[in-house]
Amino acid sequence: PASPLGQKQYAVARPVYSEDSFAEDHEKVHRVRKTMLDHLKEGSMKFCDSTRAKKAVLSLLPIIGWMRIYRVKEWLLGDVVSGISTGLVAIMQGLAFSMLASLPPSYGLYTAFFPMLTYFFLGSSRHISIGSFPVLSLMIGAVVTRLVPDGGPSANFPGFEGLNMTQQRVLVASSVTFLTGIFQLAMGLLQVGFIVIYLSDTLVSGFTTAAAVHILVSQLKFVLGLVVPGISGPLSIIYTLEKIFVQITSTNICDLVMSIIIMVIVFIVKEMNDMYKAKLPVPIPIEVTVIACGTSYGLNFKDRYGVDIVGKMVSGYEAPIAPDMDVFKDSAVEAFPIAIVGFAVAFSVAKVYSIKHDYAIDGNQELIAFGVSNIFGASFRSFAASTALSRTAVQESSGGRTQIAGLISAMMAMIVTVALGFLLEPLPTSVLGALVIVNLKGMLMQFREIPYLWRRDKPECVVWVGTCLGAILLGLDIGLAVGLGLELLTVIFRAQFPRCSVLANIPGTDLYRDRKDYLNIVEPTGVKIFRIPSPIFFANIEFFKDKLVEAVGFNPLRVLRKRNKAFRKIEKLLQTNSDDITEDLPADLKDLPFRVDWNAELAGNIGVPRVDIHSLILDFSAVSFLDISALKGLKMVLKDFIRIDVDVYIVSCDVYIIEKLHSCMFFDDDVQTSIFFPTLHDAMLHVLGKHKGKIKGMVVRKTSFILSALCFRV
């Protein structure tokens, strides 16, 4: 039936259940837990099953899945157009981002080609564009400049003998990329793709913003036409800015003017692309126009104005090289965060487009795909590959449906490398630097998240700011570690100091809410309902006790001690003033032959803290687990309340927690299974039925009259 306000209502008539009575009325299925050996046997049987083996192959080669449903007439033209558009952008970004890696621009074209070849077969995303990513390029560049600095001797590695500086840097970049691929492949094979969940959106946002600041500073020397050696390590950004400002009077005006003009043009066209993206069939590839202009105008700029240009482009492909083991040993600490960041960024972008186009992606398969792609690419001198949001947006918005578009973009990079690279040789490096800076807009605009996070979630704001500042000042690798540490601290903080609350009843319903949040709410007399929205474990069990004491208004252990002290006074008065009471009084108050109204005024200066509740209900609906320390602490708390005649009930406790309590011998004569109830309202109905007709507080017994009379005579 509907209420007068048009709201639906429901009515349920059932017995008031405790966990014990519920178990009596409803038989539970006793499941046998599988051992590790059982799982291994089941896995081997699945592996031998032909159907399972077929699914495993399809999982390992996602190309088989989407090629089977490929609609040639509907999708092929869109993939071709998308591949051409994406390829033009990928070429430009490859040249520009290669400078971030402290490598000659032509090696960025390798990164736009080789990793895509393997991802085409192994990747589960149909839309992301594989290639260079500015953050990874910068992280690779930090290792390159550390081992092969501009103004000093290279690291003393045997593999560097007979190589010039460029060859040494290429070897370092490819070796670090190879090791990055090994890390990613290992994580994929070990099925630990879930590791990306530890990189929250807030952390990634703060980290990429810091990376954008590093990239911006690193490109200033190209925009200004200055000679600034690459610096790595903590505070490297400060030292780089110092060297730039020392030479600021030597700025090449031609480079600066070209950069400003190009940044303005690209910025305006990109804004127009965003503004009219619903009307434009394909975004305007302004980067290509800029490259053409830069090339034509850069023909004589080198001799006339001393402008640095891209220079000699590597034509064709060289034989594969083996990674250097000494670089492996020296850069392992830096390669691991590169592997994590590269996967996290690519997976987050892939997830966006998989949801948009309604298909599934597999995190573990993505790790395998990127691992193999980086290993394969590193063998041919490319550096770490991931995806860039801007490039992926071009691939998707221009009609790309599958990775055929990515394959075509890779073919375009191959054509430029093999035949057309000479056209890019006169291109000023300041043009590439300007294009890199313009493409940072999205990442730099993430600073706007700070006020929002501060208003909505201050711990998350601390993670963002801490990660960003740590990565800016200490370097990207250490900054990532700082961010993870801060994120872990926020989790600990939330779990260790949860927002506990005292609940009360919404009149006329079985609903219970925080008593501070509502006006018309009723807190039953003599009953306190306490809720803790967190697991209870060794780190927060004391916090739980303190909050519980604060909620009930008294410390049960202190009350018990006061009552014991008062009891000794009672014993002394009775022995002194009553000849007919000669028996020894028991040490445990509950074994007295009479009861004391501890809330009444007792004569003889006997004072005991008041206990205004007879029942305490603990809402465990949000408690997901208890550890051994919490079990011991909880049992002590329950016993303390029970000894002062306060009934304690636990409601909505997870069945597996109850099983753990049984296995850990939690129950005894005082703490029994009957205190557990499936719902809060069941417990409340039980309490109201048990204390029906009783006045607030305990019933007055004859002892208090005896004490009054005795003390009066005294």
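Here the Cβ of each residue, glycine as well, is placed from N, Cα and C on the backbone.
The domain 'STAS' feature in TrEMBL is assigned to 517-687.
Residues or ranges marked as transmembrane segment by TrEMBL: 76-101 (among others).
Sequence-distant contacts of the transmembrane segment (107-123), counting only residues of its own chain at least 6 positions beyond either end whose CB sits under 8 Å from a CB of the stretch, comprise 60-63, 87, 90-91, 93-98, 101, 130-132, 170, 173, 314, 317, 365-366, 368-370, 372-374, 376-377, 380-385, 403, 406-407, 409-410, 413-414, 416-417, 421. According to TrEMBL, the feature transmembrane segment maps to 107-123 (among others).
Residues annotated as transmembrane segment in TrEMBL: 130-149 (among others). Same-chain residues lying 6+ beyond the ends of the transmembrane segment (130-149) with a Cβ under 8 Å from its Cβ atoms: 90, 93-94, 97-98, 100-103, 108, 111-112, 115-116, 119, 123, 155, 157, 160, 165, 168-169, 172-173, 176-177, 207-208, 211-212, 214-215, 218, 229-233, 236, 327, 330-331, 334-335, 337-338, 341-342, 345-346, 373, 383-388, 391, 406, 409, 436, 439-440, 475-477.
Marked as transmembrane segment by TrEMBL: 169-199 (among others). Residues 101-103, 107, 140, 143-144, 147-148, 159-160, 163, 321, 323-324, 327-328, 331-332, 334-336, 338-340, 342-344, 347-348, 362-379, 381-385, 484, 487 of the same chain lie 6 or more positions beyond the ends of the transmembrane segment (169-199) yet place their CB under 8 Å from a CB of it.
The feature transmembrane segment is assigned by TrEMBL to 244-269 (among others).
Sequence-remote contacts of a segment are chain residues at least 6 beyond its ends whose Cβ falls under 8 Å from one of its Cβ atoms, and for the transmembrane segment (335-355) they are 124-128, 130, 133, 135-136, 139-140, 143, 176, 179-181, 183-184, 187, 193, 195-196, 199, 201, 204, 207-208, 361, 363, 366-367, 370, 374, 384-387, 389, 392, 396, 476-477, 480-481. Annotation comment: TrEMBL describes 335-355 (among others) as transmembrane segment.
Marked as transmembrane segment by TrEMBL: 367-384 (among others).
Per TrEMBL, the feature transmembrane segment maps to 404-424 (among others).
Sequence annotations record features per position, and here TrEMBL assigns transmembrane segment to 462-486 (among others).
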Is the transmembrane segment (462-486) close to the transmembrane segment (76-101), in the sense of at least 3 CB pairs under 8 angstroms with a sequence gap of 6 or more?
no
Long-range neighbours of the transmembrane segment (244-269), counting only residues six or more past its ends (CB under 8 A):
217, 220-228, 284, 286-287, 290, 293-294, 297, 301, 304-308, 428, 430-431, 433-435, 437-438, 441
Confidence summary for the domain 'STAS' (517-687), mean pLDDT rounded:
83
Other than its close neighbours in sequence, what residues sit by the transmembrane segment (404-424), given a CB gap under 8 Å and a spacing of at least six beyond its ends?
75-76, 78-80, 82-84, 86-88, 90-91, 94-95, 105-106, 109-110, 112-113, 116-117, 119-120, 128-131, 291, 295, 310, 313-317, 395
